[in-house]
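Written out below as structure tokens is the structure these notes cover.
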Amino acid sequence: MDTMRRVVRQSKFRHVFGQAVKNDQCYDDIRVSRVTWDSSFCAVNPKFVAIIVEASGGGAFLVLPLHKTGRIDKSYPTVCGHTGPVLDIDWCPHNDQVIASGSEDCTVMVWQIAENGLTLSLTEPVVVLEGHSKRVGIVAWHPTARNVLLSAGCDNVVIIWNVGTGEPLINLDDMHSDMIYNVSWNRNGSLICTASKDKKVRVIDPRKQEIVAEKDKAHEGARPMRAIFLSDGNIFTTGFSRMSERQLALWNPKNMEEPIALHEMDTSNGVLLPFYDPDTNIIYLCGKGDSSIRYFEITDESPYVHYLNTFSSKEPQRGMGFMPKRGLDVNKCEIARFFKLHERKCEPIIMTVPRKSDLFQDDLYPDTAGPEAALEAEEWFEGKNADPILISLKHGYIPGKNRDLKVVKKNILDNKPAANKKSDLITAPKKAVDTSNIQNEAKLDEILKELKSIKDTISNQDERISKLEQQMAKIAN
């Protein structure tokens with residue numbers, strides 16, 4: 001432990017401290033989902049916080065603009081198109097208004113959120129991705145290619161979708177013999193790593209559909225593991241020892257025989273969810289059911305994983321959201337922001353490096369991944385790789401305009417035998433349909449949708465106006 005302490009002495013992060021925000025800056029009266037599943041239940045970006053909530057007869061999640069703090073009304077609209085509980089949600093890294101959800105109903109849905117959030121509940125996704133035969137517990141967007149989404153289900157299958165066309169382009173169905181606990185992309189999205197119930201950590205090249213490296217019994221205990229890629233290509237895992245102690249470990253995929261580092265932590269039984277910041281190389285560990293967040297710095301000096309500190313509170317966490325770097329307040333030297341889920345509320349926790357100066361601290365904020373995709377989906381599927389496109393945070397992050405997600409389904413009449421699905425039964429000549437007609441119909445559809453949504457909004461506003469007028473009349477009388 002001595003060496004651990006001594007090495008940390010030089011770190012600029014050793015005084016990082018966490019602070020929960022005041023009560024009026026929390027999101028209150030939220031019925032956080034009680035579904036038994038070890039995902040984080042919360043996803044955040046610089047515009048919105050999304051939280052999986054209890055829903056009778058189906059699955060739903062809330063999407064709140066960040067500034068919408070305080071008590072959230074029972075009637076606040078939700079995203080509620082799934083027919084079974086929602087298990088995982090993930091914001092698109094290249095569009096802050098697009099979010100994916102995986103559900104017990106075996107589908108993945110991708111949603112477009114209006115710029116200012118929801119005024120009505122959203123039941124129509126932009127696209128439904130159907131391909132899993134059991135519940136879908138994991139969704140993860142590709143870090144650098146536009147519209148590429150990974151999903152993993154309890155059918156032990158990993159599917160990689162081109163969301164822009166709604167097609168499953170890669171199907172990894174013979175690599176996992178047991179439940180997949182988590183999946184993580186590497187920095188440029190050329191590889192994924194997975195942790196599975198069979199106690200193996202696998203490194204997979206999804207486009208070649210081959211396992212590049214694997215480690216059996218990365219952690220010997222029977223409880224769930226997690227494995228994530230770090231920016232240097234190493235892999236960080238959390239799991240349990242045979243004696244049910246929680247462990248963390250660091251691995252080099254080029255030689256998985258022995259870990260670079262392995263530390264025992266404690267004997268709590270909640271799964272440790274790791275959140276990683278590639279800019280500072282800090283890993284934050286949030287145990288489900290714990291009331292603390294522990295954080296470590298990863299360096300290339302022994303012992304490699306350096307304990308920094310623990311943020312402790314009284315209430316256990318049901319889940320946790322982690323803000324991307326571009327959503328932080330650089331003027332306050334904020335290096336991480338968590339959104340901690342309680343039973344009935346969501347509480348932001350801010351991690352800060354104490355500094356005396358008010359100037360921009362460029363050593364804390366190297367250029368970070370911005371919202372621009374480095375590749376189009378087709379380029380990635382064809383074999384190209386690209387690192388994230390970086391932006392400077394020197395003058396804070398100024399969000400640009402997000403383009404709407406457009407899904408252009410391939411013309412099903414062209415390449416499928418007739419009468420495959422109900423939708424194929426349209427009586428159409430067998431020859432290829434004139435594409436300009438299809439485009440016109442799509443345009444018409446779009447206009448009709450927009451008209452409907454404007455009319456809905458107007459009628460809602462009308463109701464609201466008449467209610468307010470009634471209230472005024474009462475007060476006046």
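Think of each number as a place in line: the chain as shown, counted from 1.
Including glycine, each Cβ sits where the backbone N, Cα and C put it.
Pulled from TrEMBL:
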- 6-70: domain 'DUF1899' (DOMAIN)
- 79-121: repeat 'WD' (REPEAT)
- 129-171: repeat 'WD' (REPEAT)
- 173-214: repeat 'WD' (REPEAT)
- 444-471: coiled coil (COILED)
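On the 0 to 100 pLDDT scale, the repeat 'WD' (129-171) averages 98 in the predicted structure.
Long-range neighbours of the coiled coil (444-471) within the same chain, counting only residues 6 or more positions beyond its ends whose Cβ lies under 8 Å from a Cβ of the stretch, are 119-120.
Note: the repeat 'WD' (79-121) comprises 0 helix, 22 strand, 21 coil (DSSP; helix = H, G, I, strand = E, B). Mapped onto DSSP helix, strand and coil, the repeat 'WD' (173-214) counts 0 helix, 21 strand, 21 coil.
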